[in-house]
Amino acid sequence: MDIFPEDTVSSATSSPASSLYTPSPHGYGSWVQELSHDQQGVQLIGLLYQCAAEVGAGAFDRANHSLEQITQLASLDAPHTLQRLAAVFADALARKLLNRVPGLSRALLSTANSPESHLIPAARRHMFDMLPFMKLAYLTTNHAIMEAMEGERFVHVVDLSGEASNPVQWIALFHAFRARRGGPPHLRITAVNESKEFLADMAGVLARDAEALDIPFQFAAVEARLDDLDPDALRHVLRVRSGEALAISVVAQLHRLLAADDTTRRHLPGSSCLTPVQIMARSSPSSFGELLERELNTRLQLSPDASSIVSSLSPQSPVVQQQQQQQRPAAAKLGSFLQAVRALSPKIMVVSEPEANHNAAAFMERFEEALNYYASLFDCLERASSSSSPAAGQGPWRAERARVERLVLREEVCGVVAREGAERKERHERLAQWGRRMEAAGMEKVGMSYGGMMEARKLLQSLGWGGYDVVHDARGEAFFFCWHRKPLYSVSAWRPAACRHGRLAGA
């Protein structure tokens, strides 16, 4: 199922939603019943784009009006994928609007007291079972590590994947090492994770499997988040020793380092916090409210209609260019971390990341990219939910799908759309941008082999995952994991770049 057919998206984005529908003075319920399913889909897309533009401009009254219309068409419990997707994005847009009043936002939207927070680990396991991306990341990472460690007798693997970490990946590596010519090496794994309980469970599982396979094995736990690691103390914290061949694996976590030190965004035009008086004025038809709204539009170089809002927030606009210039220092911590990794002289560092541009400075650019990206993930989950659930032995995955959408993907969408500054952790970038960042830190790409790609394709075939594929990038050096030819994840391998005189950079 194609959630966003090209003609539908283009028609919805080229004109404001107000041109598609003028609300009845008798309320919203009657007009919803008159729309067909396809009409509701077109209506939802247009309303989401209009609402995003209004939220970005701080137009409280108009944004609230759009949100009211969206909630008539969308729900987290709706039977259709697009309706559930729209409900998730409406929630994120409402949170972004509320974030302009920080005290009220923190009081109402605190996640620490969420009654469902304890269900998130189970939801992540459901996502692992329902979608192939993490399995493919683990398999291709292990294949690259095996090739890099050929002939090595002492191997140290550092797992920086945090909440994306899974002992299954390293159990599979045990089996691969045991089967290699010459037998397994002395293997040491260091895992970085903020959960003490997870690390303890991981240590126990890996120790038992290593003993059963007769593999010399040690495990070290580092109770921390990736973004809390001190680059200057990285060798000490990760217990890197001379005489061991080092491999580093990081799955869907490296982008979190881009959030560090990003505090300038709150001072940009249109992103500042508003006072209650301004909010009341924005929501009032009084002359004072109109005056404030005209003042805001002048500052943002916007006109009040939604189409002007969207065009003014295009990547070429002066506002967006100013935002992009002020965002660049946010990469400082990532650069320091990658340089510290290079100084450890790993034989290989394998990086898996979502293939999306969710780190754009312009809010509308992030919103549009996120809407299309998560539409594909919702589509994947919808396809999976029609299959049988191994956990239940029979029946569909609908309950598991609902948990993933509510507890995992909704939080990610909020991270991309609703948050700013250091709180915006979901800063996914495309492989090309990661390549520039890695090379700037003195790393060079290690080609991912054709054999690794074929193994990944065999896994997809053996598990009956139609619609998915693994392909090389344009240079034949990295992999994309695709859903109906749309890349959703990338995996690439790196090592310290060789200097002209043959020495390793940083060695």
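From the backbone N, Cα and C atoms, a Cβ is placed for every residue, glycine too.
What TrEMBL says about a protein is an automatic prediction, not a curated fact.
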Quiz item: Out of 1-23, 300-322, which range is noted as region 'Disordered' by TrEMBL?
Solution: 1-23
Quiz prompt | 164-168, 174-178, 254-258, 409-413 - the one TrEMBL records as motif 'LXXLL motif' | solution = 254-258
Practice problem: From the ranges 135-139, 155-159, 220-224, pick the one that TrEMBL records as motif 'VHIID'. | Solution: 155-159
Quiz item: Residues of the same chain, at least six outside the motif 'LXXLL motif' (254-258), with any C-beta under 8 angstroms of its C-beta?
Solution: 160, 225-227, 330-331, 333-334, 337, 351, 353-354, 359, 425-429, 434
Quiz item: Averaged over the motif 'VHIID' (155-159), what pLDDT does the prediction give?
Solution: 98
Quiz item: When you scan the chain for residues with a C-beta under 8 Å from the motif 'VHIID' (155-159), skipping those not six or more beyond its ends, what do you find?
Solution: 145, 149, 165, 169-170, 173, 177, 185-192, 238, 240-241, 244-249
